[in-house]
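TrEMBL lists B:Lys11, B:Gly12, B:Gly13, B:Val14, B:Gly15, B:Lys16, B:Thr17, B:Thr18 with the feature ATP binding site. Among the features that TrEMBL reports, domain 'CobQ/CobB/MinD/ParA nucleotide binding' is placed at B:5-226.
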Amino acid sequence: MSWLDFFRANRKAEPDSATQAKERLQIVLAHERIGRTREDFLPRLQQDLVAVVARYVAIDPGKVNVALDRGGDISTLAIEIELPGAKSGASAAPAAANG
Amino acid sequence: MAQVIVVTSGKGGVGKTTTSAAFATGLAQSGKKTVVIDFDVGLRNLDLIMGVERRVVFDIVNVIQGEARLNQALIRDKRVDTLSILPASQTRDKDALTKEGVSEIIEELSKDHDYIVCDSPAGIEKGALLALYFADQAVVVTNPEVSSVRDSDRILGVLQSKSKRAEEKRDKVKEHLLVTRYDPNRVERGEMLKLEDIREILAIPLLGVIPENESVLRASNTGMPVILDAESVAGQAYKDAVGRFMGQELPHRFLEPDRKPGLLRRLFGGRAA
Ligand SMILES: Nc1ncnc2c1ncn2[C@@H]1O[C@H](COP(=O)(O)OP(=O)(O)OP(=O)(O)O)[C@@H](O)[C@H]1O
Ligand SMILES: [Mg+2]
């Protein structure tokens, strides 16, 4: 490492503490603000969606997957409900099913 | 009808009581009939900062519980005759404050005052919620420091959801940002959040910036609201903030770091290019 590199390396020190404070605040507040306005309706939305699907098909409550992803600009709520397949009606008599 | 102004912050020790005393005094100095109420039941301090601690006979809890009339509990300021103080109780706890009781007091004070300034306790519990419940306007006191900014954001959320105006779906509480204990020298060194950053994060209109200043402690030592120390930078900054609140357009001052004369300038005297 030449002495020039030494100076360059020193220059690239981490941002000053005030800049770090700003960045940390922006991230934590983005999430806390989402929580304040929207958090409470997500569990109910999930229940309602599952209930609607259950009116049409018998679903196994254990086979509902919910994933919430909080991003900076948008958040997504993904609900994956496993529907019983054509074969499931026959599950009581497995021998009758053909591959 | 009076305007009800809450001075609030979420976080403790950021300068709410200092601000309430200065702000109420400034409003009263401009001729508006003003009363400042201490909502910090159990930890009364506004009386000391206003220098009226030896004149407290009754307090807000006595009034709510019917042990004294409002007029008996109000203390008239001896320096500014349009100003009075309603102290908090020192011995009871926050449960002694009720929404109905506070509502009656504010209604009665509204009849013959222009401004009612409410000095909120720290936190977002009962005392703080009651202090902001009746507000038409809020002065959100914020220090240039992460936990204070976060708590201010939180209290803004509370103002938008738990105030009477929010509950009744009327126009929302008018919000003002007051940054206090600002130190331009530390900002320049990158050790303290910049004013622009705080404004960007909280995104509410800026009422003023009060610099970190020795005059604040001195004023509290003698029981004089710092705005009455017209020589001090903090006093002047509070005076500007009150002026802006009342609609004047004033530039923000005291935002620049001290300029120590540089070596060259000291050696050669003349102006640096
Ligand atoms: N601009 C300033 N410069 C220097 N010191 C200050 C300034 N503003 C406030 N202080 C000091 O900060 C301390 C806390 O101030 P104050 O009591 O007004 O805060 P508070 O928000 O009312 O506190 P609490 O949450 O306990 O009610 C005091 O010692 C006060 O002198
Ligand atoms: Mg206080």
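Every residue gets a Cβ built from N, Cα and C, even glycine.
Sequence-distant neighbours of B:Gly12 (ATP binding site) (same chain, 6+ residues apart, CB-CB distance under 8 A): B:Ala122, B:Gly123. Among the binding-site residues B:Lys11, B:Gly12, B:Lys16, B:Thr17, the ones whose Cβ sits under 6 Å from an atom of ligand 2 are, in sequence order, B:Lys16, B:Thr17. Under the DSSP three-state reduction, B:Lys16 (ATP binding site) is assigned to helix. Annotation for B:Gly15 (ATP binding site): same-chain Cβ neighbours under 8 Å, separated by at least 6 residues, are B:Ser9, B:Val141, B:Asn143, B:Thr180, B:Arg181, B:Ile210, B:Val216. Other than B:Lys11, B:Gly12, B:Gly13, B:Val14, B:Gly15, B:Lys16, B:Thr17, B:Thr18, the residues of this chain whose Cβ falls within 8 Å of the Cβ centroid of the ATP site are, in sequence order, B:Ser9, B:Thr19, B:Ala122, B:Val141, B:Thr180.
The binding-site residues under consideration are B:Lys11, B:Lys16. Their Cβ neighbour counts within 10 Å are lowest for B:Lys11. Checking the binding-site residues B:Lys11, B:Gly13, B:Lys16, B:Thr18 against ligand 1, the ones with a C-beta less than 6 Å from an atom of that molecule are B:Gly13, B:Lys16, B:Thr18.
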